[in-house]
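What follows is one structure encoded as structure tokens, with my remarks underneath.
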Amino acid sequence: MSKFFYILTIISMVVGGCVAGFMFLTAILMSPGLGVISLMLTAVYFAIVIFLLSRLPFWPRKKPGQSRLWVHAALLWGGGVSILLSLPMGTPLIEIFAYTSSHSSAASWAGAYPEEIVKALGVVIICLAFTQLSRPWHGLLVGAVIGLGFETVENVLYGASGAQLHPDSDWLGFWQSWGLRVLAGPGIHIMCTAIAGWGIGWALFAANKSRLWRIRMVIGWWLVAFAIHFAWNYDLVALTPMVIKVLIIMVAMYYIFARLCIVSTKLYREDVGHSYTSEIITRPDLKCHQTQ
């Protein structure tokens, strides 16, 4: 565990908690009744996802002297810090790309570019802050929890704003927004940040690998996450192509995540743990140990 990154994580938790609280309050003020309902639905969604993630075989088990603080840190990074750092970049990027390229890709650049960078940064910081996070697959889990935090706050805001923007009915706008968020590809942020976290985990915790290999792992898997998010946000205008696009992306991202979970489970079961000795092992000691 790095003391510097641990302190940085604690600071990020305070900032993230304030930002997430402000976002929740904003949703309630925008639409008091539906804002509260949005919070309740989000709490259910959050509980289900955390339950499923914690049942994965390679989820870090709590040992004596260890805490679950990394989970809270990841949630607050995703639901607070990521939003705080992404929003100021997102709006200008939409304007820039709307004028320089096309309106269809503006939301893709504004969403995928800053959000995936900031969330990936959180994976690095949190993985380096806690001793129980020491395996490549832990990057995937930290990424998934960060993505869950981001998605949790986003769902609350989209639910409340959907109610305000619908021309005929707050109820209809609310449920349309929630339907699109939860039914049409649930877990987009969870999957993307988990995939990026997989590469980060290998870069941080793999043994006997070159620096170039580690850089390739980070960039390569981050680009996969970026491509999924970029394609998801890309506006095809017509309904039928949009539906086909969403279905293809859902199949791709769920398949990749499932494969990474299968590989992680296999590696976890083959993992023999760390070796530890309080003294230096000399050659006679080693020879004696081998003959016993």
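Heads up, the Cβ atoms here are built off N, Cα and C, so glycines get one too.
Computed from a predicted structure; not experimentally measured.
Annotated features, as they stand in TrEMBL:
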TRANSMEM  5-28  transmembrane segment
TRANSMEM  34-53  transmembrane segment
TRANSMEM  74-97  transmembrane segment
TRANSMEM  117-133  transmembrane segment
TRANSMEM  140-158  transmembrane segment
TRANSMEM  178-205  transmembrane segment
TRANSMEM  212-232  transmembrane segment
TRANSMEM  238-257  transmembrane segment
Long-range neighbours of the transmembrane segment (238-257), counting only residues six or more past its ends (CB under 8 A): 184-185, 188, 191-192, 194-195, 224, 228, 231-232
Long-range neighbours of the transmembrane segment (74-97), counting only residues six or more past its ends (CB under 8 A): 12-13, 15-20, 23, 105-107, 109-111, 113-115, 118-119, 122, 125-126, 142, 145-154, 189, 193
Contact between the transmembrane segment (34-53) and the transmembrane segment (212-232) (at least 3 Cβ pairs under 8 Å, separation 6+): no
When counting Cβ pairs under 8 Å to the transmembrane segment (178-205), the leader among 5-28, 140-158, 212-232: 140-158
